[in-house]
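Straight from TrEMBL, the features:
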- 196, 197, 198, 199, 200, 201, 335: ATP binding site (BINDING)
- 25-73: coiled coil (COILED)
- 185-324: domain 'AAA+ ATPase' (DOMAIN)
- 1-21: region 'Disordered' (REGION)
Ligand SMILES: Nc1ncnc2c1ncn2[C@@H]1O[C@H](COP(=O)(O)OP(=O)(O)OP(=O)(O)O)[C@@H](O)[C@H]1O
């Protein structure tokens with residue numbers, strides 16, 4: 001950019017008041033001429049500045065117009081299949097799988113590699129390389145080929161395990177039984193109950209048992225993190241499951257997308273509605289005897305829109321409650337299996353001491369007890385460590401309440 005020219009010096013003449021009149025007039029005339037000259041210089045500079053301002057205005061207008069065009073023209077998503085040399089690549093457009101040989105601008109040439117997801121324009125010129133952040137599909141789903149959770153890792157909910165096996169595992173493992181009897185297996189299974197009671201574990205254990213891919217999507221994230229993309233991601237979820245059959249689709253916190261319709265008509269609600277409609281239509285067009293099973297989970301059964309519970313949708317409801325005394329004892333045993341525990345541990349009394357604990361709470365309790373052993377320089381965890389862990393967890397819980405209340409009333 002050109003720098004502004006410096007201002008001319010201000011003309012200055014010392015005129016002696018005692019000079020004879022004609023000499024003073026001559027000096028004043030000289031001063032006047034200096035002033036005229038500076039004035040001319042300033043006028044020229046002003047005119048130049050005006051012209052520069054005009055040019056900058058035109059440039060801003062042009063950039064704004066280009067920006068608008070860029071914003072309004074749609075780009076397509078493609079994957080780079082092969083980089084042939086520095087200037088040419090083969091891309092495959094998503095959706096229609098069309099393969100195209102395209103040139104690449106020097107700006108992007110050394111940054112593109114095979115496998116990258118890119119945005120291309122109408123003429124397939126690569127506009128940007130999409131980073132992992134933009135890859136909502138990958139981010140919104142957790143895919144595990146074969147989760148490492150078995151039924152033996154789940155304690156205190158034997159009846160629920162049996163029901164899930166019957167409703168989800170059996171149709172996958174022995175679809176012919178359903179055909180012979182002439183009934184459709186349940187389309188979707190809804191697990192409901194308090195947090196940390198083993199709902200996700202149950203879904204993973206079925207996937208493990210049936211050698212199925214486990215694909216998890218969290219309803220709350222669809223609504224909070226991937227605004228505007230919910231229905232597309234739900235479609236992608238089912239597409240992904242079809243590509244990887246046999247598969248278990250697990251939709252956690254389904255209440256976030258399937259809550260009872262409220263009166264308010266905000267755009268956020270409309271978006272959530274669209275996501276739910278997409279889910280319902282995917283389920284309605286679903287082959288119940290196929291190799292994909294759907295499990296959803298919620299802690300807020302009361303909030304659910306009854307439309308999702310209709311036959312052919314989530315038509316098998318299984319409550320997963322907080323563990324009872326025997327359940328807590330079983331879960332304590334499960335979570336101490338890999339620990340070096342002393343003979344003095346009495347799981348039965350610990351189960352009495354942990355009323356109201358969920359499975360997840362018991363898992364943290366075991367870790368906390370282990371920490372006490374380490375702190376006391378022992379490599380064996382004893383009963384007292386568990387008692388101290390219970391005390392610590394209970395104190396932490398009450399301080400949490402206090403601090404959150406404090407924050408609330410600040
Ligand atoms: N019944 C259980 N038996 C053994 N461990 C359990 C049980 N329930 C929970 N846990 C422990 O708690 C952790 C969290 O459990 P999980 O994610 O299955 O709970 P969830 O019911 O899906 O919770 P949320 O509703 O918060 O998603 C598990 O990894 C496991 O270690």
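Indices start at 1 and increase along the chain as displayed.
Every residue, even glycine, has its Cβ placed from backbone N, Cα and C.
Taking a C-beta cut-off of under 8 angstroms and a sequence separation of 6 or more, residue 199 (ATP binding site) has the following same-chain neighbours: 191, 192, 193, 252, 297, 320. In this record, ATP is bound by 196, 197, 198, 199, 200, 201, 335; the longest C-alpha to C-alpha distance in that set is 17 Å. When secondary structure is read from DSSP and collapsed to three states, residue 200 (ATP binding site) falls in the helix class. Helix first, then strand, then coil: DSSP counts for the domain 'AAA+ ATPase' (185-324) stand at 60 helix, 32 strand, 48 coil.
Looking at the domain 'AAA+ ATPase' (185-324) alone, the prediction's average pLDDT is 85. Its Cβ placed at the centre, residue 196 (ATP binding site) has 18 other Cβ atoms within 10 Å. Residue 335 (ATP binding site) carries a helical DSSP state (H, G or I). Annotation: 197 carries the greatest number of neighbouring Cβ atoms among the binding-site residues 197, 200 [cut-off 10 Å, Cβ to Cβ].
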